[in-house]
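First the structure, in the form of structure tokens, and then the observations on it.
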Amino acid sequence: MPTVDDVLEQVGEFGWFQKRTFLFLCLISAILAPIYLGIVFLGFTPDHRCRSPGVDELSQRCGWSPEEELNYTVPGLGATDGAFVRQCMRYEVDWNQSSLGCVDPLASLAPNRSHLPLGPCQHGWVYDTPGSSIVTEFNLVCADAWKVDLFQSCVNLGFFLGSLGVGYIADRFGRKLCLLLTTLINAVSGVLTAVAPDYTSMLLFRLLQGLVSKGSWMSGYTLITEFVGSGYRRTVAILYQVAFSVGLVALSGVAYAIPNWRWLQLTVSLPTFLCLFYYWCVPESPRWLLSQKRNTDAVKIMDNIAQKNGKLPPADLKMLSLDEDVTEKLSPSLADLFRTPNLRKHTFILMFLWFTCSVLYQGLILHMGATGGNVYLDFFYSSLVEFPAAFVILVTIDRVGRIYPMAASNLAAGVASVILIFVPQDLHWLTIVLSCVGRMGATIVLQMICLVNAELYPTFVSRNLGVMVCSALCDVGGIITPFMVFRLMEVWQPLPLIVFGVLGLLAGGMTLLLPETKGVALPETIEDAENLRRKAKPKESKIYLQVQTSELKGP
């Protein structure tokens, strides 16, 4: 009886039907970009100072320039460590009193300004920006600055919690239904975030968006990898992630054109509704239909694929069956991942690598957004490096292997982070170059680790379980990264880079402790996993099908 892969070899592994479906589903991948990293623009924190009643009237009466107003009324100017004082403290002075002059008005109150009492801002802030962000609208600065971190962490918390349920929905009710349901909730929650009246409701809508958006991305990934033949599965999987990079590049341009955060959020959310047209454009996965014993429906879809590709279906198409190993029907447990010495070592190393690549990828982007010059250009330049990262993977994965490119990429990200500590502020171009190198390394690891993760576990343990458990650390890293970046920068600005450097160097060394899986047969039993040996890989083509519900980049 023919399998889906057997039929695809005859009717086209990547014909017109697959190409059209791939382009449709790439929209899902691109839409995830502003959800995952839109915080760079939605939560942009401009330079700010306390609003002091009476200062505007005094400035207007005296005809001060903006520079003179700052010099006369804002504490902490010129001090190397005066950012907090300048942005979060004010002189406790009644600026409406008539005794204040126009030339150094505070001189009449104290011979030295340092003797004047300071207090926290009580009347809001003045922001030096023509646009708006959640920071400027809800005053998420000074004592409330951590709320920006929480806003981003809620997305990653949603990724973590949502991945536990979305995979079940996709396996139980179908990939297409899961895709449409998560897409609808994603679109609605995105619009609700744009019109949220207060911070709390905005946070809840953002959490809801996180719960479904990564599941929507994974449903699209699963569908396209199940539609193509085994020879194209790896390439399509990587290119689907490249669509995410396209979304990042587009985001920088849209954010530049729309500096108001509410309109920006609405603009990037509305295209998600277009994905609801997949109901008519994208069929259900024939592999899932076969797993549900719906062979007649699967045969109809395969016949449709043959027609769209201009090929004749095989004569025995009605005998279509699912090629499934009996061992896949076993019920593995979490304990199986730690049952033997090598499995324990692989599991702990992979958990650390997932955690590290998430922290490095998201952390370098957030750090650049917080310390860079032109946030739009910096984000644009760093997003472009993800395209050569995909090219490097396609070129090296079968020629060089998996382990050495992963180790080199981790080391590159770590070394770049360390060097960034010593780059002077006037060499901004060098900062951008090093940040791009670090981000490229993190991108390569993030896209390659899923393949390595799946190849190291035996069928008996279930590769899906291994990838799901280890990749959960990716979302955990995403949850703590915003706090790691922004709170450590308050202590010392280069401190996050030190953490990134240490993590990257450790990850590079630990990667070398994993066995190379290039040219090695996929392990079927725990004994195989303990003694991986080099030989041809007859089942390599199945790897992307078996990890279809795992968590990939997307973060």
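Using the three backbone atoms N, Cα and C, a Cβ is placed for every residue, glycine included.
Automatic, uncurated: that is what TrEMBL annotation is.
Among the features that TrEMBL reports, transmembrane segment is placed at 22-44 (among others).
For 22-519, the entry in TrEMBL reads domain 'Major facilitator superfamily (MFS) profile'.
For 150-170 (among others), the entry in TrEMBL reads transmembrane segment.
If you look up TrEMBL, you'll see 177-197 (among others) marked as transmembrane segment.
Annotation comment: TrEMBL describes 203-224 (among others) as transmembrane segment.
Residues of the same chain lying 6 or more positions beyond the ends of the transmembrane segment (236-257) and with a Cβ under 8 Å from any Cβ of it are 14, 18, 22, 25-27, 29-34, 37-38, 40-41, 217, 220-221, 224-225, 228, 264, 267-268, 376-377, 379-380, 383-384, 386-387, 390, 393-394, 447, 544, 552-554. As annotated by TrEMBL, transmembrane segment applies to 236-257 (among others).
Under the heading transmembrane segment, TrEMBL lists 263-282 (among others). Only residues 6 or more beyond the boundaries of the transmembrane segment (263-282), in the same chain, are considered here, and those with a CB under 8 A from a CB of the stretch are 21, 24-25, 27-28, 31, 34-35, 38, 41-42, 176, 179-180, 183-184, 186-187, 190-191, 193-195, 216, 223, 251, 254-255.
Residues 36-37, 39-40, 152, 379, 382, 406, 410, 413-414, 417, 435, 438-439, 441-443, 445-446, 449, 452-453, 456, 466, 469-478, 480-482, 484-486, 489, 496-497, 499-500, 503-504, 506-507, 510-511, 513-514, 555 of the same chain lie 6+ residues outside the transmembrane segment (348-367) yet bring a C-beta within less than 8 angstroms of a C-beta in it. What TrEMBL lists as transmembrane segment is 348-367 (among others).
If one looks beyond the transmembrane segment (379-397) by at least 6 residues along the same chain, the residues whose Cβ comes under 8 Å of a Cβ in the stretch are 40-41, 234-235, 238-239, 241-242, 244-245, 248-249, 251-253, 255, 364-365, 368-369, 405, 432, 435-437, 439-440, 443-444, 447-448, 451, 518. The annotation transmembrane segment is assigned in TrEMBL to 379-397 (among others).
Marked as transmembrane segment by TrEMBL: 404-423 (among others).
If one looks beyond the transmembrane segment (429-453) by at least 6 residues along the same chain, the residues whose Cβ comes under 8 Å of a Cβ in the stretch are 234, 238, 241, 350, 353-354, 356-358, 360-361, 364-365, 367-368, 371-372, 378, 381-382, 384-386, 388-390, 392-393, 397, 402-403, 405-406, 408-413, 416-417, 419-420, 423, 466-467, 470-471, 474, 500, 504, 507, 514, 517, 543, 547, 550-553, 555. Here TrEMBL flags 429-453 (among others) as transmembrane segment.
Here TrEMBL flags 465-489 (among others) as transmembrane segment.
Sequence annotations record features per position, and here TrEMBL assigns transmembrane segment to 495-514 (among others).
Within the same chain, residues 28, 31, 35, 166, 169-170, 205-206, 208-209, 211-213, 215-216, 219-220, 223, 262-263, 265-266, 268-270, 272-273, 275-276, 278-279, 282 sit at least 6 positions outside the transmembrane segment (177-197) and bring their C-beta atoms closer than 8 Å to a C-beta of that stretch. If you count C-beta pairs under 8 angstroms between the transmembrane segment (465-489) and each of 22-44, 150-170, 404-423, 495-514, the highest count goes to 150-170. A Cβ distance under 8 Å defines the sequence-distant neighbours of the transmembrane segment (22-44), meaning residues of its chain 6+ beyond its ends; these are 129, 133-135, 140, 148, 151-152, 155, 179, 183, 186, 190, 209-210, 213-214, 216-217, 219-221, 223-224, 227-228, 236, 239-241, 243-248, 250-251, 254-255, 261, 264-265, 268, 271-272, 274-275, 278, 281-282, 362, 365-366, 369, 375, 379, 482, 554-555. Residues 35-36, 39, 42-43, 134, 177-178, 181-182, 202-203, 206-215, 218-219, 222, 366, 468, 472, 475-476, 478-483, 549, 551, 554-555 of the same chain, all 6+ positions outside the transmembrane segment (150-170), place their C-beta atoms under 8 angstroms from a C-beta of that stretch.
Note on the transmembrane segment (404-423): residues 353, 356-357, 360, 364, 392-393, 396-397, 430-431, 434-435, 437-442, 444-445, 448-449, 452, 494, 497-498, 500-509, 511-512, 516 of its chain, located 6 or more positions outside it, place their CB under 8 angstroms from a CB of the stretch.
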